[in-house]
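Written out below as structure tokens is the structure these notes cover.
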Amino acid sequence: MAQSECGNFCDAGREQTCCKQTAGTIARSSASKVFPDKIYKSVQAKGKDVTGMTCECGVFGAISCGDYPTSLDIAQMICLGLVALQHRGQESAGIVTSQGKNSKNFAVHKGMGMISNIFNDEAIRKLKGNLGIGHTRYSTAAASEAVNCQPFVVHTAHGALAIAHNGELVNCESLRREVLERGVGLSTHSDSELIAQSLCCAPEDVSEHDGPNWPARIRHFMTLAPLSYSLVVMHKEKIYAVRDSYGNRPLCLGKIVAYDAGHANIDEQLAEGWVVSSESCGFLSIGARYVREVEPGEIIELSRNGYRTVDIVERPDYKRMAFCIFEYVYFARSDSMFEGQMVYSARLQCGRQLARESPLDADLVSSVPESGTAAAHGYARESGLPFGEVLCKNRYVGRTFIQPSNRLRQLGVAKKFGALAQNVEGKRIVLVDDSIVRGNTIGPIIKLLRDAGATEVHIRIASPPLQYPCYMGINIPTREELIANKLNATQLACHVGADSLTYLSVQGLVKAVQMNKSHVNPLKSGYCTACLTGEYPGGLPEELSW
């Protein structure tokens, strides 16, 4: 391999072609569909130094049934639920609990860092309550500071109100102006605080002679902010679970049952409490069973007597549901349930579809652990090729690492992965990964495999090329940082030193995630593919100040 004029490491016979292709691609990319300058600069202004995609956060709520005080350790349950959602955010976390109806104040504990470092035994003991909500955060709309930790607690004329939010408000600026014009002061730049302040004021057309009408207030907010959010809202003895009418961010409901309930029908099991979570992956660890998803636009009220749907806010007739398709590809934990299917099975189907679209004669199929493993198994099953591990991942490498020298920086991937030389030597390998963002990691991995004796390394990506930023709760780098906007698949293969590289098509991805769905109702189905196609479900916002 030799470094060519374009800066890529190309085979000698491909060097001239690669340089010409790269120059042409960069020229074409500037003339192609351009992300609006105002939006682009706003997204760029976030100033986040990230290496890939990051999901904003996870929300969790729990409430006990029957007489209070409860025998359930609500704070501990929420903490365990947040641990299961830790992959959705690692910057900060918080838990707020309430004693119930006569409670004027909430017990609150929040902090920066991982959940295991924030919630020790002493902190959990102080969080007494019969119900509570929790949040784990990765910031997109506001800085990574203690003041932005959630859940937010505001004190209203009707008592304390707590709220936790997953997502990002598209019309954050207009909502901020409306709140400020009411004379309300804001202490943070977080759009989650905007939601809390919006709920504090009753709509003009709603009568509240008998106390606050929280469902009506929530509905009013939802008409003002179409997306993107999943919310848990707590006031006194009730929790409200809310999902935007497009269903962009996930939210699901679970039932807390007795430890010895076994595998009896969920409807026949006595409820000891109810939980709501961004994902279902943590339910079993707290003795809860998955019940169903919160429907798009649905407002669910949870109390000691159970749960009920209090309202559904419909989206416009001409708009389809827009569930974030990258929840399937990357963000969600493999054992979570969406649309009646396990995420792992959808990723398996992505690999199968990828094998149909990009077949290859090779000796071995493998993955970049852990993200591409399910898709790699699917590719192997569909192609009839054997699956084998070629990389060993070091699970003890921290998220940040100061490299003391250029040599160690060049060997950065080697601190995270080791090649299984006996599985690699003399083999033609198909290496499957879930996505490519900047393209910084895949090249060193290929070099690692070639140094271990691989004769060919073919890259297969179980998702389409990422080309557009997201402003609905996912921190995706700006267009200029996304490698797919600079190099096509052939050029990228040359750039990273692969023998070939192909992506799954957008149509193939949608087909794969629908393969095992329990129902495919066109009126209740649809995906947000904005980061892949540039087609945003709610249109582009006019103004942002991220």
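In case you wondered, yes, glycine gets a Cβ from its N, Cα and C as well.
Unlike curated records, TrEMBL annotations are generated automatically.
What TrEMBL records for CYS57 is active site, nucleophile. Counting only residues at least six positions away in the same chain, the Cβ atoms of ARG88, GLY89, HIS135, THR136, ARG137, TYR138, GLN150, ALA164, HIS165, ASN166, SER278, GLY473 sit under 8 Å from the Cβ of CYS57 (active site, nucleophile).
Residues or ranges marked as domain 'Glutamine amidotransferase type-2' in TrEMBL: 57-305. Over the domain 'Glutamine amidotransferase type-2' (57-305) the predicted model carries a mean pLDDT of 89.
According to TrEMBL, the [4Fe-4S] cluster binding site annotation covers CYS324, CYS470, CYS528, CYS531. Cβ-based neighbour count (10 Å, all protein chains) for CYS324 ([4Fe-4S] cluster binding site) stands at 28.
Under a cutoff of 8 A between CB atoms, and with a sequence separation of 6+ in the same chain, the neighbours of ASP434 (Mg(2+) binding site) are VAL329, TYR330, ARG347, SER371, GLY372, ALA375, ILE461, ALA462, SER463. According to TrEMBL, the Mg(2+) binding site annotation covers SER371, ASP433, ASP434.
Using the Cβ center of CYS324, CYS470, CYS528, CYS531 for [4Fe-4S] cluster, the list of other same-chain residues with Cβ within 8 Å runs, in sequence order, ASN248, ILE325, PHE326, MET472, ILE474, ILE476, THR529, ALA530. A Cα-Cα distance of 18 Å separates CYS531 ([4Fe-4S] cluster binding site) from ASP433 (Mg(2+) binding site). The separation of ASP433 (Mg(2+) binding site) from CYS324 ([4Fe-4S] cluster binding site), Cα to Cα, is 19 Å. All protein chains considered, the CB of CYS528 ([4Fe-4S] cluster binding site) has 28 other CB atoms within 10 Å. In sequence order, SER367, VAL368, SER371, GLY372, ALA375, ILE442, ILE459, ARG460, ILE461, ALA462 constitute the residues six or more apart from ASP433 (Mg(2+) binding site) in its chain with CB-CB distances below 8 Å. Taking the mean position of the Cβ atoms of SER371, ASP433, ASP434 as the Mg(2+) site, the remaining same-chain residues with a Cβ inside 8 Å of that point are TYR330, SER367, VAL368, GLY372, ALA375, VAL432, SER435, ILE461, ALA462.
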